[in-house]
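> Please find one structure pasted underneath; my questions will follow.
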Amino acid sequence: MIIPSLEELDSLKYSDLQNLAKSLGLRANLRATKLLKALKGYIKHEARKGNENQDESQTSASSCDETEIQISNQEEAERQPLGHVTKTRRRCKTVRVDPDSQQNHSEIKISNPTEFQNHEKQESQDLRATAKVPSPPDEHQEAENAVSSGNRDSKVPSEGKKSLYTDESSKPGKNKRTAITTPNFKKLHEAHFKEMESIDQYIERKKKHFEEHNSMNELKQQPINKGGVRTPVPPRGRLSVASTPISQRRSQGRSCGPASQSTLGLKGSLKRSAISAAKTGVRFSAATKDNEHKRSLTKTPARKSAHVTVSGGTPKGEAVLGTHKLKTITGNSAAVITPFKLTTEATQTPVSNKKPVFDLKASLSRPLNYEPHKGKLKPWGQSKENNYLNQHVNRINFYKKTYKQPHLQTKEEQRKKREQERKEKKAKVLGMRRGLILAED
């Protein structure tokens with residue numbers, strides 16, 4: 001395919017540009033502007049390469065001429081004592097003629113050295129002419145070329161071989177360039193190693209860093225210890241609606257100001273647990289104390305936990321805050337307690353706190369939140385056994401009676417079943433919303 005010029009490329013259609021790119025081995029599925037740019041770049045590159053090849057061929061031809069002249073001068077000096085010389089073009093070797101092979105037509109005898117010199121001049125002129133304008137070789141020219149120097153053809157390659165030679169000569173040059181550009185890794189590593197600090201320097205630097213860090217921490221802690229706000233803690237009675245454990249913790253956090261990282265971490269963990277408890281057990285918090293009358297009166301004591309515990313997920317240290325801790329504060333009213341100290345006391349581990357002593361009289365004097373059962377209780381064990389036996393017998397009788405007449409569901413049974421399904425569905429949705437039940441994938 002003929003490669004068009006740069007001016008012709010602008011006038012070509014997009015489809016023609018694509019076909020041209022495909023034929024040249026370039027990417028064709030580009031936008032028109034990018035494709036045109038790529039083709040122009042390729043054509044320029046090819047033209048530059050062609051010019052370089054021409055320059056190389058000219059330089060190689062001139063070098064070949066020089067070598068020819070040198071070789072011819074050497075051969076003249078060598079062949080003056082010899083009587084005759086033969087040269088076969090195909091084998092490219094000087095052959096000493098035997099008496100048997102003298103009958104062949106390929107040998108030419110030269111007696112005088114002057115004739116030999118004239119022959120060589122003519123040959124060199126013919127070679128230059130053929131190098132510039134290639135023409136079909138005749139038999140007469142072949143005969144003339146046969147009487148050339150001995151090793152000239154072997155040393156000087158033909159036109160076909162010249163391009164190969166030039167390409168090969170250019171390759172080692174490229175290799176040399178790459179060898180120069182490759183970095184000396186040994187030197188690089190040595191320089192990098194020298195830049196690195198020694199172990200002693202590293203330890204000194206670390207010590208300085210730690211000393212600076214400790215001094216900064218000391219400076220931060222000094223204003224906290226000195227400038228604590230000396231305010232008496234107000235006596236807390238029964239918990240109001242607004243004073244939930246979460247709100248207490250928030251107020252403590254506000255009054256604290258900048259506290260140490262360890263206490264902050266503990267506070268964060270407590271906060272998380274309190275939030276999770278608030279999500280899971282909303283009815284058992286102190287905030288819903290006013291809704292006691294709305295509940296059913298037949299509640300068991302196991303469920304009633306508003307007075308004893310604050311929240312399900314909080315540690316025992318939090319539960320103690322409401323009752324026993326207030327007594328200690330009122331007893332030691334002379335001792336000043338800053339908000340910072342208060343938080344540390346509140347965030348003690350449940351292991352360090354002692355269990356609260358159960359007061360029987362106080363618990364009995366408290367009014368019941370439910371109506372106790374009046375009258376006789378049913379016997380627990382017997383009723384259980386009898387129920388099981390009765391159910392078993394009834395089931396057998398039922399199957400005996402109705403194995404030929406299948407039991408049809410009544411509308412009431414269907415309604416009850418639907419209601420039960422709705423209740424289960426509602427409970428499941430509420431559980432998922434509160435994070436009690438994991439959502440099914």
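Note: Cβ is positioned from N, Cα and C throughout, glycine not excepted.
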> Looking at 363-369, 377-383, 384-390, which one does Swiss-Prot call motif 'KEN box'?
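My reading of Swiss-Prot: the motif 'KEN box' range is 384-390.
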> Would you list the DSSP helix, strand and coil counts for the residues of the compositional bias 'Basic and acidic residues' (409-424)?
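Looking at the compositional bias 'Basic and acidic residues' (409-424) with DSSP, the answer is 14 helix, 0 strand, 2 coil.
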> Specify the secondary structure state of S363 (phosphoserine) as given by DSSP, simplified to three classes.
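S363 (phosphoserine) sits in a helix per DSSP.
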> Could you round the CA separation between S363 (phosphoserine) and K411 (N6-acetyllysine) to a whole angstrom and send it over?
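Checking the Cα atoms of S363 (phosphoserine) and K411 (N6-acetyllysine) gives a distance of 50 Å.
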